[in-house]
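Below is one structure, written out as structure tokens, with a few remarks after it.
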Amino acid sequence: MLAMQRYNSSVITATVPFCNHTPTVQEPEVEAVVARNATRPPNDPTAAGLTMTLGILFNVVALVILAKAYNRFRRRSKATFLLFASSLVATDLAGHVIPGALVLRRYVSSFRGDPTNPDASCLFMGGCMVFFGLCPLFLGCAMAAERCLGVTRPLLHARLVTTARTKMALALIWLLALCVALLPFFSLGAYTYQYPWTWCFIRVMEDTGATDLAFVMLFSGLALSSLASAFVCNTISGITLVRARLKTRSCSQRRSARSHDTEMVVQLVGIMVTSCICWSPLLVFGLMSATRSYSGFLGNDRDTYRRLMMMGVRMATCNQILDPWVYILLRRAVLRKIYRITKRQASFKGSTFRSVRWDVSSFQNSEKNSVKKI
């Protein structure tokens, strides 16, 4: 790295003439070039390729599980939830493959874009980041609202929610996310290369303008509102199920429906928690960076916010890898097996503790009897 810096500085020194009337305007450009060359990450695509492969594998497994479950529950109330869940996993898969392939290609070819001059591929990648970022959050919110209606008002849910209307809602969600992603092409905000200049996102640090700030606030506001709405709906569903559980048990059919509702709400809580953990850093850091850059207070903290944005996008990428595990692990069959294993281990420890306690008490009684005899 030091050799690279010395080589870059020698090239720049050779190309800039030593004269007294050299314009000082070139100095920031020279420093920017040196800084970009000095902060290039190593070109080892192994970790990125492994992460992408695991994400594809997990999403495909989750899709297979959901497809089999949808064929079993096609005519039940769970079919709507499974249709939403399958669309969410398919969206995660596409959002993991398309931007990931572009980043991996640039990572392998050592390509570093110019943050002041984004090309067509950068604009496409930025639009994909916004589209595939909003879609899972919108879908999670819609799934939570659908389950909240199904748990609290089952008759109204059976009358209003149909397969055709669910497909229409999915189309509207994808259309809304697409409209937001296309706003920079209509002069509201802009996409640009982000540190380390291999991925593209909303312009939050490089010459941030009023339209960029408005676009970041719209993107973060919609995403955070979706997370908050999902939290409210899941809380209402959970409280309703707990109250129903505490009441007198009814017929077996009602217990079966309640168990399906519990399984779906548990999965929704897992989706919500995963989305909050993975997406909140990028949303908050992006909003903070854009606000400080627009106000002119970024200054020496630019490198810090660049690293924060890099950490945020990595955590957001983990959401597309962790979402499938919610459906793989939080299924009723898996939860029953975990419950049985835990109960078996608890009963084994309890029996072992009782036997040890009995042995100790019997040993103490034998000692007392021997002392009395003496």
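Going from the start of the chain as shown, residues are counted 1 onward.
Cβ coordinates are placed from backbone N, Cα and C, and glycine is handled just like the others.
No curator has checked TrEMBL annotations; they are predicted automatically.
TrEMBL lists 47-67 (among others) with the feature transmembrane segment. Among residues of the same chain six or more beyond the transmembrane segment (47-67), those with a C-beta under 8 A of the stretch's C-beta atoms are 82, 85-86, 89-90, 92-93, 96-97, 100-101, 103-104, 107, 317, 320-321, 323-325, 327-328, 331.
Feature annotation from TrEMBL assigns domain 'G-protein coupled receptors family 1 profile' to 58-327.
Beyond the ends of the transmembrane segment (79-103), by six or more residues, the same chain brings 48, 51-52, 55-56, 59-60, 62-63, 66-67, 69-70, 73, 121, 124-125, 128-129, 131-133, 135-136, 139-140, 142-143, 146-147, 150, 161, 163, 166-167, 170, 174, 198-199, 264, 267, 271, 317, 319-321, 323-324, 327 to within a C-beta distance below 8 angstroms of the stretch. Residues or ranges marked as transmembrane segment in TrEMBL: 79-103 (among others).
Under the heading transmembrane segment, TrEMBL lists 123-145 (among others).
Annotated transmembrane segment per TrEMBL: 169-193 (among others), in sequence order.
The transmembrane segment annotation in TrEMBL covers 213-244 (among others).
Panel annotation: around the transmembrane segment (265-288), residues 85, 88, 133, 136-137, 140, 143-144, 147, 151, 201-202, 204, 216-217, 219-220, 223-224, 227, 230-231, 234, 237-238, 241, 305, 308-309, 311-313, 315-316, 318-319, 322-323, 326-327, 330-331, 335 of the same chain, lying at least six beyond its termini, place a Cβ under 8 Å from a Cβ of the stretch. The transmembrane segment feature in TrEMBL is assigned to 265-288 (among others).
Per TrEMBL, the feature transmembrane segment maps to 308-330 (among others).
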* Structure fact -> Between the transmembrane segment (308-330) and the stretches 123-145, 169-193, 213-244, the largest tally of CB pairs under 8 Å belongs to 123-145
